[in-house]
Structure formats: structure tokens, C-alpha cells
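What follows is a single structure, written as C-alpha cells, with notes after it.
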Amino acid sequence: MQETGVRNGAFGADKFGLKNLKQVHWNLGAPQLYQYSLSAGEAVLSADGALCADTGEFTGRSPKDKFTVRDATTDKKMWWAGNQSITAEQFETLYQDFLKHAEGKSLFAQDLYGGADPAYRIKTRVFTELAWHSLFIRTLLIRPEAIELSTFTPELTIIDMPSFRADPKRHGCKSENVVAIDFARKIVLIGGSYYAGEMKKSVFTTLNYYLPERGVMPMHCSANVGAKDDAAIFFGLSGTGKTTLSADPNRTLIGDDEHGWGPNGVFNFEGGCYAKCIKLSQEAEPQIYAASTRFGAVLENCVLDEDTRVVDFDDGSKTENTRSAYPLDFIPNASRTGRAPQPKNVVMLAADAFGVLPPIAKLSPAQAMYHFLSGYTAKVAGTERGLGNEPQPEFSTCFGSPFLPLDPSVYGNMLRDLIAQHNVDCWLVNTGWTGGKYGTGSRMPIKVTRALLTAALDGSLRNVEFRTDKYFGFAVPTALPGVPSEILNPVNTWKDKDEFDKTARALVGMFQKNFAKFEAQVDAEVRAAAPDVKLAAE
């Protein structure tokens, strides 16, 4: 077996059980990985120098194909209502079949950190059969210093082989595509999917499992920090604006998707960004556009002009879930440490497909826990398989249900405790629709959202007049300089006021129905933070 690159010779591929490999390329950088990827026909080069790959059938995560080993520990610890199980024996069979499938192949290995805080990071080794997947995960996680690689000993190992086909009868899964996690052995097996996002989310799921018991709350969020060390956290599902809104030229970006909040403050789990880039434009999102149109960026499922190789970001013919992966330092004002002090603001983003939530509302700590556990948004087409072309209302608890190994109340209680401990202001922001439901109304203007967020984060929104929303009970500003006052009260943007009232009451009912499963796990204060019961019943 040939091996190239810097590595820990005492802890190589054989320690993981990989044998009879043709070659292992260790910790290669972007130039070498570009070369291998292009020469193998895995990807093509854009006119701007980005590496462009197609993921084939799977253009998003496939949650139905994700499984966790159920053993004596996970049986009691895991949130099985939100996770699927396989036995230790089924996992072992799958693992051995992965090792057999790898024989004779050339693999790419990356040694990386999940987590910017040395006290809480997890040393992660990722084996991939594709060069562009190796570049992707190298871009998304945190790259150690070269001197650290010669002694790197992994805690978590991922093997990613899209050409592997699982057997549901043999392996206990549902299709030929599989993501299987064994927390006891700290091994993740990914087969059948060329969608690179499965790798990064496997690291996130692992950190979600281990960090709470160490006093760190893992979060599906973006984060940034102002000049006064005033960090802000942005919760939200894919497509709600986490990446876009945290890329603020007046604030330092900590990260765009996954963070921990603990005794030392906030820290990024990653060293890169994974931005949705459908309809990406230089005018609307200059930082993300610049980061996506240069050497070192990895583009997924973007359409290129056949002659010029110029990327057409408006073309969603392959999928609406086109993606750009790039290192954090491609953003000019990104943090070099990936860390920030205790946050001053928490923002929950919801793409409200019904068009009845206000563009911004202030939440009490109890309301914050209620809306965090509810995790309301609209699933946007393309971020997962099996969705149609229209957004669908979705309650994804903790704004990240697919990534939660533990019961949601674990994360909800941590959030409320941290908010109280650090006196954090909480906001609910609607980045979805205004002036009507999806199909009738229009998307909330990003300039309005940015203006309201700026006012919230710099403290000026605290000094304006608020009204209490009659449907949801939270506080909504009545006026703010530079923002049209009618947009602050959603009913004023609807032509049919009766239809608005009917739609708002229906959404209240949906919240109540969804939250019923959490009633027994929260106290009276959080139950009282729910939208008004009488309204839904009228």
C-alpha cells in the first residue's frame, strides 16, 4: 500500500481495519485535490476557479437512511422518537462490508478537528473515495497545524464511500443508501450518496451526543460578534437565512451553521461555510458570491455554461439545493479563532410560509424555550429528498431535529438556563413571506430583515414602542426608522383581513398541536408562553 502526505505513521489506515488498499493520500491540500478530482473526472473547473461537482440522485440529506446503533447505553440515552436504530451486529456486518469494499481502492484521508475550542473539540479522521469529498470535508472542518498531523490520533472516524451499496436485509437499513453511527466505537459509515453534506452533519450529530454532558450546548445556528464583543446566535433550518444574515460586513463572522455554547462562550464546530447558492448574486450577497467564485470553493450541483464555464447561480434545474463550500477565511471579516464571548442576543429564524408572523418579535425567556422546542419554519424545496416545489410548514424541534441524538428537552433546558445566566435578549425573525401565504405574498425583503436585526443587535430596538401580538403573545415593535411601519404588523400587508385572521388562528392551532408532546417536559411558565388557546378554539 502506497501512502503519501503528512500523517501519524503509528496510527494509520490499518488501525481502522482498512487493508489491501491501493493507495492512501493523507491530508492533501486544495491544489493536489483539485488535480486528482479533475483527472478522475469527478468534477469540472468553473471559469472562476471553483471546483464543480454533481451529486447525482442525492442532492440533499436523506434522513430516512440514517441509523444509530442501539446498545445498552444508547437505549436509555438516545431520543428514539427522532432516530432510527440498528443492532450492533448489523453495524459490524456493515462495517466489515465497508472494509471489504475499500480493498484495492485509492482513498483520501483528512485529519481534522470538530470544534474550535480545544477543551471541547473532537479529533476526526475522514476517509473518502472521492478527491472532491476530501476537499469538501477539509474545507468544512478545522484544519490542524502541520506540526500536529504527525501525532494526530483520531477519536471519531468516518468512512465515506458513495460507490458502496447497502443491503437492507443484511444491514438493517431501508435502501442502498446508508449513514450509520456507532457512538460507542465513534465510527460513522456513509455509503450510496454523493451528497457531501452527509459527512459534516455526521460530525455535528456526534458533537450533539457528547457535548451536553460536558456542559456545552450544541446548536444548529450561525454566529457573529460586534466590535463590543456582543456575540449573536442565529438559529434556523436550511434556507431560513442563517448563512446570509450572519455574513454582516459590520460584524465578525464566527460561523454559519454549527456552534457550541458553554462556559468559555460560543465556538464554531467548523472551519468553513456551506451556503445555499441558488439565485446567489453579487449585489444581494457580495461576501458569499466572492467566496463562491474563486479557487478553493467547492460547488455542488450548480449549472455551468458549456462554452464559458461561467456558473449560472439562477439555474435550479438540477436542484434548488445548490451549494457552495468555502473556507471561513474566504469571508474578509471572519473570525480567525472561531470563538467569541458569551452572547448578548439569540435570534430564531423562521421562514413562515403562511405569512402571518411579524418580521421581528421580542421573546421572553419562557417564550424563547417554547419557540426553540417548537422549531417552526417552512421546509424549503431541495434541502431534503422527497419534498415538492413548494415550502411546507414544518416543526423541527431545536431548529435541528434530524441532528438530535438526545431528547429535545435536554437542549431546551440548556438554552433557557444559558439565557437566564447571561441575561440574553431573544428575538423571533420571519424571513419567510409577507402580504399573504406562499404563492400569494412575497418573500420578506432582506433589506428589511437586515435593518431590524441591526437595530436588535446594537440595542436600539430596546427603546422603541412594542405591541403585544394578539395571536402569539410576543412583543412586536410598532415603528422603527427606515422600516415601513405597515410591514411590522403583518395584517396590514394582507388585502383580505379576514383571511389573515383565519390563517393566523390556524397557525396558532398548529403550534398547540405540535407542542402537546412537550407539555409534560416543561414547567408552567413555558406552557403559559404558548399562543392563546382560546383563539385557536374560536
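A Cβ is built for glycine as well, from the same backbone N, Cα and C atoms used for every other residue.
Residues or ranges marked as substrate binding site by Swiss-Prot on the basis of sequence analysis: Arg61, Tyr195, Lys201, Arg323. Other Cβ atoms within 10 Å of the Cβ of Lys201 (substrate binding site), summed over all protein chains shown, number 24.
Residues or ranges marked as ATP binding site by Swiss-Prot: Lys201, His220, Gly236, Leu237, Ser238, Gly239, Thr240, Gly241, Lys242, Thr243, Thr244, Glu285, Arg323, Thr449.
Secondary structure from DSSP puts His220 (Mn(2+) binding site) in a beta strand. Here Swiss-Prot flags Lys201, His220, Asp257 as Mn(2+) binding site, drawing on sequence analysis.
The binding-site residues listed here (Tyr195, Thr240, Lys242, Thr244, Arg323) include Lys242 as those with a Cα within 10 A of the Cα of Asp257 (Mn(2+) binding site). For the pair Arg323 (substrate binding site) and Thr240 (ATP binding site), the Cα-Cα distance reads 14 Å. On the backbone, the CA of Gly236 (ATP binding site) and the CA of Tyr195 (substrate binding site) stand 21 Å apart. Secondary structure at Lys201 (substrate binding site), as computed by DSSP, is helix.
Of all residue pairs in Lys201, His220, Gly236, Leu237, Ser238, Gly239, Thr240, Gly241, Lys242, Thr243, Thr244, Glu285, Arg323, Thr449, the annotated binders of ATP, the farthest apart have Cα atoms separated by 28 Å.
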